[in-house]
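Engineer: Handing you a structure now.
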Amino acid sequence: MGARKRFGQNFLTDQRVVQRIITAVSPSTDQHILEIGPGHGALTSHLTSFGCHLQVIEIDRDLAQALQAKNIDVIVGDVLKQDLAVITTGPTRVVGNLPYNISTPLLFRLFALDNIVDMHFMLQKEVVDRLTASPGNRDYGRLSVMAQYQCRPEKLFEVSPSAFTPSPKVISAVIRMIPRSDKPDVALPDLEKVVTTAFTQRRKTIRNALSSLLDENTLVSLNIDPGQRPDTLSLDEYVRCAKTIAEH
Ligand code: SAM
């Protein structure tokens, strides 16, 4: 099983892990499922057995051809270069054991779409821990706040390097993300501005970290302790800051 490093190819070979992912997804007939990076089809072959409408996106032409030969609907190319809105015109569930180098940009492209029902991804454990971290946790940062604004992330289980061939250097984890229908009412660029500004100076107090955007009295009026550190503010507190900078 040759693996192309540049495409982040670590193929899942542990069938117990494959089964746990399929059970977590539990596809049903008539659902549209989009699999990103199917590789040799470790997950794909199981997904097809549920009678769902399965479409896959694979960058490696040789792997794509092998899947096409099995009558799988393959889009050959880089997922980051596809117009995903055109591929997901109806309710779509997204699944993938992702190449880790593209996972963060891909997640934010998927968050921007309207029709995603849910997402199940194998990612680096470290990224899953950041996506799911709560305020005050050492993994809590910009990625946690921006992802939790977009979706409800849930860490399902960890996967050891020995489950893959070749084995990656890091521990992996499977995450479920359900897009929020109750997104806080704030303009995304304003939230991004506040959160990025705060976390570029995460060791300072929020009073100092946000001094270019909000003064101390405004923070107090928003019911935020100006002596807190950026990694202890909740999403809701960042939303309040973002709404205030939008008003000024
Ligand atoms: N799903 C398979 C499995 O579990 O064994 C393969 C997982 S492997 C970690 C990642 C897969 O994504 C590879 O098949 C790789 O060729 C593909 N891939 C890498 N970069 C991609 C991209 N930008 N767009 C689409 N597929 C990509």
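For all residues, glycine too, the Cβ spot is worked out from N, Cα and C.
Feature table excerpt (TrEMBL):
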type	residues	note
BINDING	Asn10, Leu12, Gly37, Glu58, Asp78, Asn97	S-adenosyl-L-methionine binding site
DOMAIN	17-181	domain 'Ribosomal RNA adenine methylase transferase N-terminal'
Engineer: Record lists Asn10, Leu12, Gly37, Glu58, Asp78, Asn97 as binding S-adenosyl-L-methionine; longest Cα-Cα distance in Å?
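Structural biologist: Answer in Å: the longest Cα-Cα distance is 20.
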Engineer: Name the residue among the binding-site residues Glu58, Asp78 whose Cβ has the smallest number of other Cβ atoms within 10 Å.
Structural biologist: Asp78
Engineer: 10 Å Cβ neighbour count around Gly37 (S-adenosyl-L-methionine binding site)?
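Structural biologist: Taking every protein chain into account, the count is 24.
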Engineer: Would you mind checking how many other C-beta atoms are within 10 angstroms of the C-beta on Asn97 (S-adenosyl-L-methionine binding site)?
Structural biologist: 28
Engineer: Which chain-mates of Asn10 (S-adenosyl-L-methionine binding site) that are at least 6 residues away have a CB under 8 A from its CB, listed by sequence?
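Structural biologist: Result: Ala3, Asn97, Phe164, Thr165, Pro166, Ser167, Pro168.
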Engineer: Indicate whether Glu58 (S-adenosyl-L-methionine binding site) is helix, strand or coil by DSSP.
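Structural biologist: Where Glu58 (S-adenosyl-L-methionine binding site) sits, the three-state DSSP reduction gives strand.
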Engineer: Once the chains shown are all counted, how many other Cβ atoms turn up within 10 Å of the Cβ of Leu12 (S-adenosyl-L-methionine binding site)?
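Structural biologist: I count 19 other Cβ atoms within 10 Å of it.
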